[in-house]
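Report on one structure; see the data block that follows.
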Amino acid sequence: MTRIFLSSPDMSGTEERYLVNALRSGWVAPVGPDLDAFEREIAERCGTAHAVGVSSGTAALHLALLALGVGPGDAVIVPTLTFAATANAVVYTGAEPVFVDCRPDDGNIDASLVEAVVKQEKIKAILPVDLFGSCADYTALAALEVPIIEDAAEALGATHAGRPAGSFGRAAALSFNGNKIMTTSGGGMVVTDDEWLARRCRHLATQAREPVPHYEHADVGYNYRLSNLLAALGRAQLSRLDEMIKRRRQLRERYAERFAGLPGVRLLGAGDPGANCWLTAIVVDPDEAGWQAHELGAHLDRHDIETRPVWKPMHLQPVYRGRRAWLTGAADRLFATGLNLPSGSAIRDPDRIFAAIDEFLERR
Ligand SMILES: *Cc1c(COP(=O)(O)O)cnc(C)c1O
């Protein structure tokens, strides 16, 4: 029996064809027609004027922050409930992350708490995360009039108030890491409407080389560009994005049906019509349910089915101990009671997951 993972890459003959064509074209470096086309296609999907293909989502966050002018002495608001890369990118620039707690219903950053923070502290930028593929509340966050960089690493294809993820704030970062909704094996993109910002990111991503015949540098640059080969893979994945989102959504609906009516069990972010359903998580109140999320996780693991607690909050991470944090306890509770379930579009035998869940619930 093969292990069922949370979110593994979903490849088809289309990817093979695009990749082989790119290889045969000779454009194997981080420059070429597939990279240009991939940037155009992603910008179109996100509803932005510009896109810059880079080597990872983390690199995209780093460049977007640098282009915004974030640096030493600055404070940037980061949700505490996120993957470490969000906070790390802030630290790379020399700025300080200020962690802010989340809403209990969907785990996204608590906009009213952000409002309280920006009234009391000098904040250079807000870096909201679109958690597990549900957009943060940009309607409330935009009203605060602090520059926003959107961490849309998990949210390509999602929408908020009818607008696509990636279109909020001054710029957004996408990730094409192997476990994301679509992948280039590794890769990312900065998307923005701001032409200067896009040009600055492109410049910094290519070692900040000045446009003269010899090697001339006025800035410390980075080697962050995306390979043309991987961009070809990305174009193939993008052509299948809607189909892959549909499969993830169907899986989420099936989880919703299975857990409906069970006391103390809910789906995190249930009812967001704009979610891309990257990862589905359940939240289990052990007093009401009579069982704990991690017990279901252990049971599924014995059936060779992967699950994972929701992100361990940044303020609990050893590396970020002692940093400033504005907390309500919501992220702590979600970490203690939440479980990400297998959500990938490449899962071919979901019946196995549901049989194992049935077995667990029948024994309770
Ligand atoms: C995956 C992820 C990243 C980092 O993307 P990489 O491509 O792996 O560098 C950043 N932020 C969030 C919220 C993520 O989930």
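Sequential numbering from 1, following the chain as shown.
A Cβ is built for glycine as well, from the same backbone N, Cα and C atoms used for every other residue.
Annotated features, as they stand in TrEMBL:
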ACT_SITE  LYS180  active site, proton acceptor
MOD_RES   LYS180  N6-(pyridoxal phosphate)lysine
Secondary structure at the residue listed as 'active site, proton acceptor' (DSSP, helix/strand/coil)?
coil
So the residue listed as 'active site, proton acceptor', by the Cβ count within 10 Å over all chains shown, scores 24
